[in-house]
Amino acid sequence: MALVEVKQITKKFGAYSAISNVSLTAQDGKFLILLGPSGCGKTTLLRMIAGLELPTYGDIVIGGKVATRLHPKDRNIAMVFQNYALYPHLTIYENVAFPLRVRGFSGDIDKKVKWATSLVGIEHLLERKPRQMSGGERQRTALARSLVRDPSVFLLDEPLSNLDAKLRHSAREELRQFQERIGVTSIYVTHDQVEAMGLGDRICVMQGGVVRQLGTPEEIYLNPADTFVASFIGSPPMNLISDEGRTIGFRPEMFLPESAFDPSEALYRTEFTVQRIEYLGGDRILYGMVGASLPSSKAIARLPATIGTLPEVGTTAKFAMRLSDIRYFDGEGKAVEQSRRHEARLVVNG
Amino acid sequence: MSTTELSLAGSQPGGLGRYNRQAADLHYVTSRVMVYLLAFTAVSVIGFPLFWMVICSFKTSTELYQFPPAFLPHDWTLTNYRDLFIQTNFPIYFVNSLVVAGGATLLSLVVGGLGAYSLSRFKFAGMRTVSMLTLLCYMLPEVLLVIPLYLFVVDLGMADTLISLIIANTAFTLPLTMWFMRSYFNAIPASLEESAMIDGCSRFQAMRKVTLPLALPGLVSVGVFSFNHAWNEFLFALVFTSSETKKVLSLGLATWIGQDNIYSWGMLLAGAVLVTIPVVLFYLLVQRRLVVGLSEGGVKGE
């Protein structure tokens, strides 16, 4: 178990900067998620922590020791790759035993392998070769191999992206329980925000090689630091409406027919012209245009099934949201600070 | 194979199902016939001379010149083989050939394999140029190189040595080895080695424990190619070596075919049989790996 600190890391490939001056800390025993669209530098950052890439500038500190120039094998880290990187010529047993053997482990290898494989529930498959296993079993093997030698940091590079949707859900669940049980500092790369929200103690949202926001899933969802985070997190994303050099944001599930609110609440009222309704079982997604006091622009509303009456397509209905649910962003897309929000709210109401 | 499925698919009321089955059967039979015809042609063109060579090496000299020739020898004899070992330098040629072919194979596997590995895994200045140049070398014919190479060989004091042959043969097979192995290494995901390095290997250990076992079919293929090339090579041997004790098989046997007469057909054929045996043995030994290597051209990482 160890603290991982990334200090002012920059990585350049030729003239292109994949990562620009990123600093962050993965807390001891916690689950940190690196989240971002493809090409945002999250995998490059993970590979630098693993020692597979050398940062152009900056330092990586693992467990209080500067590890920037250490060879991967000397960092006591474990990594699960996107394609699991199981050795095809070795059996599952030998795959799991591999890290122990190459490190000249002096104890009982057999006992350790049995322990690791039973933790992930593949102890009955030890004689198979990787290609005789299903995707889920391979993923478990990769997990078993990475934890067999008690690493101090656990790195995971989109380990669930090769699984089908249903399996991915249960694997996510297991992964989280598993991490809590062994309590190893984990850094997890993904582009899937659902995975990130479900797994992470903290999420680091990256884009274009910089950190856009670092916080708990709640913080990131409720108070996005800028319009990128606001539109990247949430499905459907936050409605963003530009108005006189500012941007107003509100979550689709907070944007409901006026009748759904208690009239005594502080509401912001507007009109919503419904253009299309998507039925998703538990929810209905309404696509349309807001108008009235706001500049006319596209918006999405997400209505839970508990709201019985839906506006017809093509009609304009009275919609509203709580004033406390509205977020404001300045001209550059940065979130407006709490103290300045009051002022901005008055402007909207006026 | 799929005749039943076909008939099921078309089993409408009426004769449709049966018609499909007949068509499928006809197709099956004709494709079988074609395959056997092709196989027969290949076997007779390649196999008959081999058969004739083996048969004739057991014939007495009178029978060899007999007309019309008999298919099987009347008296099976090993005289040709005995004479070969007693009267000629055949054993020396044979050992020389083994040394040259084995040495060239080993050298081109080590140098070519390592070179291909670095071309595949690392990025360095002039990499494209290097890999294109190696291919260009392969396109130059031996005849073009043999005289300049001979000058080098003499200058280096390596004239009439087996080492010079090993190096020349390696130089000739190296480009192909490198290109083949490079694409082979490219097909093995780099993440396997990265994973091995995180698991506790140095780069060299990762290559030895993970990449090399996976590249084995490819190494076998290029090994067979190099061995064969060096075993059959004639021109370098002719120019670089002259003394009787440094001759290899291809050169030694060829000198028996004199200007106006053949020294002894029986011994020549017996020699030819013995030349063929190591190659055939080598093929049989690695056949399974070779087929995998040539057809797959790579391994899937998962």
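Residue numbering: from 1, along the chain as shown.
Glycine is no exception: its Cβ is also placed from the backbone N, Cα and C atoms.
For the transmembrane segment (B:33-55), the residues of the chain that approach it from at least six positions outside its boundaries are 71-73, 269, 272-273, 276, judged by C-beta separation under 8 angstroms. The transmembrane segment annotation in TrEMBL covers B:33-55 (among others).
The annotation transmembrane segment is assigned in TrEMBL to B:92-117 (among others).
Feature annotation from TrEMBL assigns domain 'ABC transmembrane type-1' to B:94-286.
Among the features that TrEMBL reports, transmembrane segment is placed at B:129-150 (among others). Away from its own ends, the transmembrane segment (B:129-150) comes close to residues 115, 119, 159, 168, 171-172, 174-176, 178-179, 182, 235-236, 239-240 of its chain (Cβ-Cβ under 8 Å, at least six residues beyond either end).
Annotation comment: TrEMBL describes B:162-181 (among others) as transmembrane segment. Beyond the transmembrane segment (B:162-181), the same-chain residues lying 6 or more positions past its ends with a Cβ under 8 Å from any Cβ of the stretch are 96, 99-101, 103-104, 107-109, 111-113, 115-117, 119-120, 131, 134-135, 137-138, 142, 149, 153, 215, 218-219, 221-222, 225-226, 229-230, 233, 236-237, 240-241, 246, 248.
Marked as transmembrane segment by TrEMBL: B:212-231 (among others).
Among the features that TrEMBL reports, transmembrane segment is placed at B:262-286 (among others). The list of residues near the transmembrane segment (B:262-286) in space but at least 6 beyond its ends in sequence, with Cβ under 8 angstroms from a Cβ of it, reads 50, 53-54, 56-57, 59-61, 64-65, 79-81, 83-84, 87-88, 90, 94, 97-98, 220, 223-224, 227-228, 231, 249-250, 253, 256.
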